[in-house]
Amino acid sequence: MKKTDQFSNYFKPGAFAIALCLGLGHLKAQTIIPIETANNALVLQAGSNKDVNTIFFGKKLANKQEYAQVAGQYKQTSDYTGQLNSIYTPSGSRNLVEPAITVTHADGNNSLDLKYVDHTVTAIDDNVSLLKIRLKDPVYNFEVTMFYKSFYKQDVIEQWTEIKHNEKGEVVLHKYASANLHLKSPHFWLNQYHGDWAKEMQPEQSEITHGIKTLDSKLGTRANLFQPSVFMISMDKPAEENEGNVLYGALEWSGNFKIDLELDYQDNLRIIAGMNNYASPYSLKPGEVFATPAFLYTFSDQGKGAASRKLQNWARNYKILNGKGDRLTLLNNWEATYFDFNEQKLAELLKDTKKLGVDFFLLDDGWFGNKYPRNSDNAALGDWQENKQKLPNGISSLIKEADQAGTRFGIWIEPEMVSPKSELYEKHPDWVVKQPKRPEYYFRQQLELDLSNPKVQDFVFGVIDGLMTKNPKLAYIKWDCNAVIYNAYSAHLKNQGHFYIDYVRGLYSVLQRIRAKYPAVPMMLCSGGGGRVDYGALQYFTEFWPSDNTDPLERIFMQWEYSYFYPAISSSNHVTDWGKQSIKFRTDVAMMGKLGFDIVVSKLPHEELQFCQEAIKNYNEVKPIIWHGDQYRLANPRSGSVASMLYVNEQKTAGVIFNYLVNYRYEEGSKYPIKLNGLDAAKKYQIKEINLFPGTKSSIDSTKTYTGDFLMKVGFNPNLNNNRTSVVLKFEEVK
Ligand code: DGJ
């Protein structure tokens, strides 16, 4: 690592962040701090009064000296405070708008001001640098350090803060954002998401009006159930797939979050993003450091598609566990059996794993609990011992069985939870999240364990550690989380204001311990569907479960929206019996990410089984492109009758295109060619249809060649119609 101070410039090909000092002496007139990535710049300025403000955000300028002249070009109304564009708006002094931080000092005073102290830039490697800016209150011994980790090639910035003080007693933090951005544009458009169980990632777009629009969650766990923290802000006009200025934002936090989008009296957009301060005043001891989670953002002046590819690339390279590695395909028993299974039934299903051609068998919910067996969702969470009636020989015998069948074995677990009917609850009622004086209230008939309690953290770690130690061949873990937090209360914590935050910190501490001991075991982040998909958690997981809704028509829309923020390698898509579509349609849709099956293989008619087996072979050939290639959205199912998604490898020599008819009205079909994207205009390609159902013939002539130029300007017609509602095309360069 290399450190520079505020008096030097730091340049490196591929990565640079510079400190440009325009003044002389200790108190410079202006210190300009640009954070530059391949295409963009976020430029901050410490003025002569030591306020640190944002003076530019957007596509970077060729000449860095000109950032100082940006502000002069705006003739907006007066900023009465001088800190409307503060990089971290303090409250209780001059501020008139939504603050980033609010505190009560040890002496009971509520005012805060934050002044520039110094900054440093550290080059972590050729692509990543870390800027730290120290801010201090001139009156109180209170300090905030702002962190900006920039990823040059990906145009991504992760931003967080550390707050500490040395006052004579505890300081209460009432608000503690991770980031406070300031954008200028005549209009702002918001793309946000809402949902519920089986209805995750429903998009909405609206123009932002004056006042504050808040995206938030107060659910504690599975915080995304009604609203995830991911969003897009288009500047000027709504960004399209391939044009427009758009910022993507997301909070790396698996608990309550709050993102305030304030269109202020000057018409600028202030984005204040962080953990939700709802019911969470946090007391900080002298010398203690309060670190916020990272808020992550990227910006593109070439539309949503480019922004999504930057984010996907960043996630694969820097965030998702084993983002550049391999994934395992699977056969899951959940929808095949629900809770109704035994060793024999599982042994039969297990054999089908190999027959189908996937990599392992996943045993879902229902395998545990003896005093209170897990035969429905009303008992046994917490009692993680094999149910002796269903599995008399335990998991280890199933693993042996899998071994003999030439496959592998993975297991479902929901370790944060406890059933009221469980031995764990009976033994440790004080480990359960519940109000001591109020009736219990259940979500899916269950409660949470209090992860703010280190003893509970040990227990949860011990559950996973125990399973792995006893069964070192366990190939996979599906980590579920089906309940939200009602009656938030910890018997362990003295200060209940800490509960929501300490719960998530406790969860992360368990996950860190698991990853320290088991760095590679693949884990699925599941939460009663997609109730907990965020980059705070995904650093410990290889993939997520987008939704329990696996109806492929629904999935086309849902996976489309997830793909703006998450790479295909992280999206677990299973073929199930949801929906009315053919097995081909269902399999094609599930292939657009990490493929799995949740069906009774032995009940498949011969041709359907044959189709699945062939499709898995095809998938094994194209999966490196789907997982590691670039993704281009070609036809949006929300704007027409056709959906089309393309994946191409880095060399632009091979790719795959998934095409679907999403409207089955009379004579609907792909009337026009679909323009491809991401190809090399000079290369020649051949296009072949794959995943044909046995006995059907393709109407695509695979002997023809087309230039990338033709395919991107004129396009290609997959011949979708009511008899061909799903068409998968593979293309390859021909020399
Ligand atoms: C919710 C998950 O989303 C499902 O896939 C399944 O694992 C059930 N929980 C099991 O209870």
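Easy rule for this one: first residue shown is 1, then count along the chain.
Cβ coordinates come from backbone N, Cα and C, glycine included.
Annotated active site, nucleophile per TrEMBL: Asp480, in sequence order. DSSP assigns Asp480 (active site, nucleophile) to coil in the three-state reduction, placing it in neither a helix nor a strand.
Look at Asp548 (active site, proton donor): DSSP puts it in coil. Counting only residues at least six positions away in the same chain, the Cβ atoms of Trp197, Ala198, Gly528, Gly529 sit under 8 Å from the Cβ of Asp548 (active site, proton donor). The active site, proton donor annotation in TrEMBL covers Asp548.
Look at TrEMBL and you will find Trp197, Asp364, Asp365, Arg444, Lys478, Trp479, Asp480, Cys481, Asn482, Cys526, Asp548 tagged as substrate binding site. The 10 Å shell around the Cβ of Asp480 (active site, nucleophile) contains 24 further Cβ atoms across the protein chains shown.
Note on the domain 'Glycosyl hydrolase family 36 N-terminal' (52-285): its mean pLDDT in the predicted model is 97. If you look up TrEMBL, you'll see 52-285 marked as domain 'Glycosyl hydrolase family 36 N-terminal'.
According to TrEMBL, the domain 'Glycosyl hydrolase family 36 C-terminal' annotation covers 643-729.
Closeness to ligand 1 is met by Asp365, Asp480, these being the recorded positions among Trp197, Asp365, Asp480 whose Cβ falls under 6 Å from the molecule.
Asp365 (substrate binding site) carries neither a helix nor a strand DSSP state and counts as coil. Between the CA atoms of Asp365 (substrate binding site) and Asp480 (active site, nucleophile) there is a gap of 9 Å, rounded to the nearest whole number. Taken over all pairs of the listed substrate-binding residues (Trp197, Asp364, Asp365, Arg444, Lys478, Trp479, Asp480, Cys481, Asn482, Cys526, Asp548), the Cα spread reaches a maximum of 19 Å, rounded to the nearest whole number. Comparing the binding-site residues Trp197, Asp365, Lys478, Asn482 on other C-beta atoms within 10 angstroms of each C-beta gives the minimum for Trp197.
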